[in-house]
Amino acid sequence: MSSSDSKPGPKPGPWPPAPESSAMPPSTWAKRTGFRPKFSGEATATDSGQVPLPASVRARQPETQPDLEAGQPRLRPPPGPAVANGETDKEKKEKPPQPPPPPPPPGAGPVKRRRDSDGATGRSNGPDGANGSGDPIRRPTRIEETVEVLPQSVDDDLVARSLHMKYGLRDTPGLVPIGFYGLQHYLSMLGSLILVPLVIVPAMGGSHEDIANVVSTVLFVCGITTLLHTSFGSRLPLIQGPSFVFLAPALAIINSPEFQGLNGNNNFKHIMRELQGAIIIGSAFQAVLGYSGLMSLILRLINPVVVAPTIAAVGLSFYSYGFPLVGKCLEIGVVQILLVVIFALYLRKISVLSHRIFLIYAVPLSLAITWATAFLLTEAGAYTYKGCDPNVPESNVVSSHCRKYMTRMKYCRVDTSQALRSAPWFRFPYPLQWGVPIFSWKMAIVMCVVSVIASVDSVGSYHASSLLVASRPPTRGVVSRAIGLEGFTSVLAGLWGTGTGSTTLTENVHTIAVTKMGSRRVVELGACVLVILSLVGKVGGFIASIPQVMVASLLCFMWAMFTALGLSNLRYSEAGSSRNIIIVGLSLFFSLSVPAYFQQYGISPSSNLSVPSYYQPYIVASHGPFKSQYKGVNYVMNTLLSMNMVIAFIMAVVLDNTVPGSKQERGVYVWSDSETVTREPALAKDYELPFRVGRFFRWVKWVGI
C-alpha cells in the first residue's frame with residue numbers, strides 16, 4: 001500500500017449538510033402578523049428582545065397570555081397570504097425548485113436530531129453532540145421564525161379577542177360596561193388631566209378661585225377635544241388634554257422679564273391672555289402643518305430613535321421642580337411618593353374581580369390616603385403654632401417665631417385653601433373668559449416650535465396605541481388629519497384659556513395596555529362625563545384644594561412615567577445597536593447639559609433672584625448668552641435653547657437622519673398605505689370618518705385613508 005493511501009483523507013462534515021444560511025426576516029410585529037417584506041421596516045428583535053421559538057417548539061409549550069401591562073401585545077393578524085419564514089405562498093411558487101441534497105457518504109450512520117432548549121436543532125452522528133468525525137456540531141446562530149396566521153375568514157371581532165383586549169376599537173359594549181370602564185379609564189389618568197393647571201396658575205399669581213376656574217375649564221376643553229379627536233381625528237381611543245410638553249414653555253412665558261412688575265389678579269389675567277395669544281398662533285401653525293399634508297413629509301424624519309429621547313427629555317426637564325417642592329413638607333410628600341410607588345409596582349398584580357385596582361388607580365388611591373392622613377394631622381394640631389395664623393401672607397408676619405413655621409403651615413396644612421368654599425355650584429366655562437388674547441410674535445414663535453414637538457409626541461402615541469387596539473397602524477393621511485385636528489383643538493384651548501395647548505396625552509398607551517380597554521365608545525362616554533363635571537364648580541374647587549406638596553409628589557411619579565414611556569419607543573428599533581445607543585445617549589446628555597449652560601449663564605452664586613429656586617430655569621430670557629441688538633430674537637433663542645426637549649429633538653432628528661443605518665436598525669415606523677386600505681376593509685372601518693363625512697373630502701388624499 002502506498003504512503004498516499006495510508007494518509008487519512010479529509011474528515012467528512014455533518015450529514016445531512018447544513019443549508020446555506022439565508023438572511024433572517026425581521027422578527028417584528030409586521031412579520032409575525034403576516035406583513036409582506038416591503039411593508040416591514042422595523043427591527044429584527046421582538047418587542048421583548050427575544051428571538052421567537054419555532055412553531056413546533058411553541059406547540060409543546062403551554063399558552064401564556066401576554067402581559068399588556070408591559071406594552072407588548074400580541075397583534076391582530078391581518079387577512080392576507082399565509083407567511084412562513086418570511087415567504088408567502090406566491091413567493092414560494094415563483095421560487096425555482098431546489099436540487100435535492102446529495103446522498104449520504106458510504107458508511108455514514110443514521111442521522112439523529114436533537115432539540116435544544118433554545119429551539120435550535122443539533123445534528124449528531126456520535127456522542128456528545130459530535131458528528132461521525134468527532135467534530136462538534138454546527139448550530140445555526142439565528143432561528144428562522146414560522147409565522148402562524150389565522151384564516152382569512154375569521155371575523156374581525158374574533159380576531160380582536162386574540163389580543164386579550166376586553167373590547168376592540170369598534171366594539172360597543174352595553175351602557176353599564178361603557179360607564180364602568182369609562183370611569184376607570186379617566187380615573188387612571190387623573191394626574192395627567194388636573195396637575196398642569198395646579199402648577200401654572202400659582203406661578204401666574206392666581207388665587208384659589210382662579211385655580212378652580214381654570215381646572216373646570218380644562219375638564220370642559222378635555223371633554224370637547226376628546227370627542228372631536230375620536231370622531232374626526234385619528235379615531236383611536238386617545239384622551240386629549242394639557243400635555244406636559246406645553247408646561248415648560250408656559251412657565252418660560254410666565255417668568256418673562258416684562259411680567260415681573262405685575263402682581264395679584266392683574267398679573268394672572270395679563271399673563272393668561274399672553275399665553276392664549278401664543279397658544280392660538282402656535283396651534284394654528286400645527287393645524288396648517290397637518291391639513292396641508294406637510295406632516296406626511298415630516299413623518300419620514302420621525303422614528304422611534306427620534307421620539308424616545310425627545311419625550312424622555314420632557315420628563316427629565318422638571319427635576320428642579322419635583323423634589324425641591326416635596327421637601328417643603330417631607331412627612332407628607334415622601335409618604336405620597338412611597339404609596340404611589342408601592343401601588344404601581346409592588347401591588348400591581350393584585351386583582352379584585354379581574355381588575356388590577358392598585359395598578360390602575362395608583363394615583364387616586366395614593367392621593368386619597370395621603371390627603372386623609374394630612375387632614376388628620378391638621379385636625380390633631382400637628383401644624384398649629386400658638387399665635388400664628390396660616391392665612392396671613394408671609395410678608396405680613398412680624399413675629400420671628402411665626403415666620404419660622406410659616407413654610408410648614410403653608411405646605412403641610414390642608415385647610416389653607418379656600419377654593420372649595422368659594423367655588424360656585426354651577427359655572428359654565430366660556431371663550432375669552434379672561435379677556436381678549438394678546439398676540440406677541442416672540443412668544444408665538446416659541447409655541448410654534450413647541451407645537452412641532454407636541455406633534456412628535458402624538459405620532460409616537462398613534463403608532464403605539466394602534467398596535468394595541470386597531471387592525472393595522474393608520475395611514476400617513478390619517479396621521480396628518482389627526483395632527484391637523486389637534487392644532488384646531490389647541491386653538492379652542494387657547495380661546496377658552498386653559499393655559500396650555502390640547503394634545504394627545506402620552507399616558508394613553510400605558511392606560512390602554514393596563515386596562516385592556518380599546519373601545520372608542522368608552523373614551524367618548526367618559527369625555528361626556530368630563531363636560532358635565534366641568535359645569536359643577538365645586539368639582540373644580542375640590543381639585544384646586546389639593547395641597548401643593550401632594551401635587552409635586554404626584555408630578556415626580558408622573559414625570560418619571562413620562563420619561564419611561566418616551567424611552568419605551570425604542571422597543572420598535574434595535575435597542576442594542578451601537579448606532580442607536582450613541583444617538584439616544586448624545587441626545588439625552590446634551591438635552592440636559594446645553595439648557596443648563598443657558599440657565600446658569602450670568603447668574604452668580606450670590607445673586608438674589610425674585611423667583612423661587614424651582615422657577616429659576618425658566619427665567620433664562622432675562623440673562624441668556626444669546627445677545628444681539630434685537631431683543632425679540634434674544635428672547636426666542638435664549639428661551640428655545642434652554643428647553644431640554646428642543647435640544648433633544650434637534651440632536652435626535654439630525655443624527656438619526658444623517659447617520660447611516662438600515663430601516664430595521666432604525667425601527668422606521670410602518671404606516672399603512674392605500675393598497676392596504678383597498679385590500680382590507682377592516683382598516684377603512686377603523687379610521688374612516690363617521691356619518692360618511694369622508695366622501696366629501698376624497699379629493700384631499702393627504703388627510704384621509
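Glycine residues also receive a Cβ, built from the backbone N, Cα and C atoms like all the rest.
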Can you identify, from 235-254, 275-294, the stretch that TrEMBL calls transmembrane segment?
275-294
With pairs fewer than 6 apart in sequence excluded, do the transmembrane segment (549-568) and the transmembrane segment (325-346) have three or more C-beta pairs that lie under 8 Å?
yes
Could you give the residue numbers and ranges of same-chain residues that sit at least 6 residues beyond the transmembrane segment (211-229) on either side and whose C-beta is under 8 angstroms from one of its C-beta atoms?
193-194, 196-198, 201-202, 235, 238-242, 419-420, 422-423, 427, 429, 433, 482, 485-486, 488-489, 492-493, 496-499, 502, 504, 523-524, 526-531, 533-535, 537, 539-541, 543-544
Can we call the transmembrane segment (358-377) and the transmembrane segment (549-568) in contact, meaning three or more C-beta pairs below 8 angstroms at a sequence separation of 6+?
yes
Does the structure show the transmembrane segment (434-456) and the transmembrane segment (549-568) touching, where I'm treating 3 or more Cβ pairs under 8 angstroms (sequence separation 6 or more) as a contact?
no
Run the contact check on the transmembrane segment (635-655) against the transmembrane segment (549-568): 3 or more C-beta pairs under 8 Å, excluding pairs closer than 6 in sequence.
no
Residues from the same chain, set at least six apart from the ends of the transmembrane segment (522-543), whose C-beta lies under 8 A from its own
167, 173, 178-179, 181-183, 185-186, 194, 198, 211-217, 219-220, 222-224, 226-227, 230-231, 237-239, 419-429
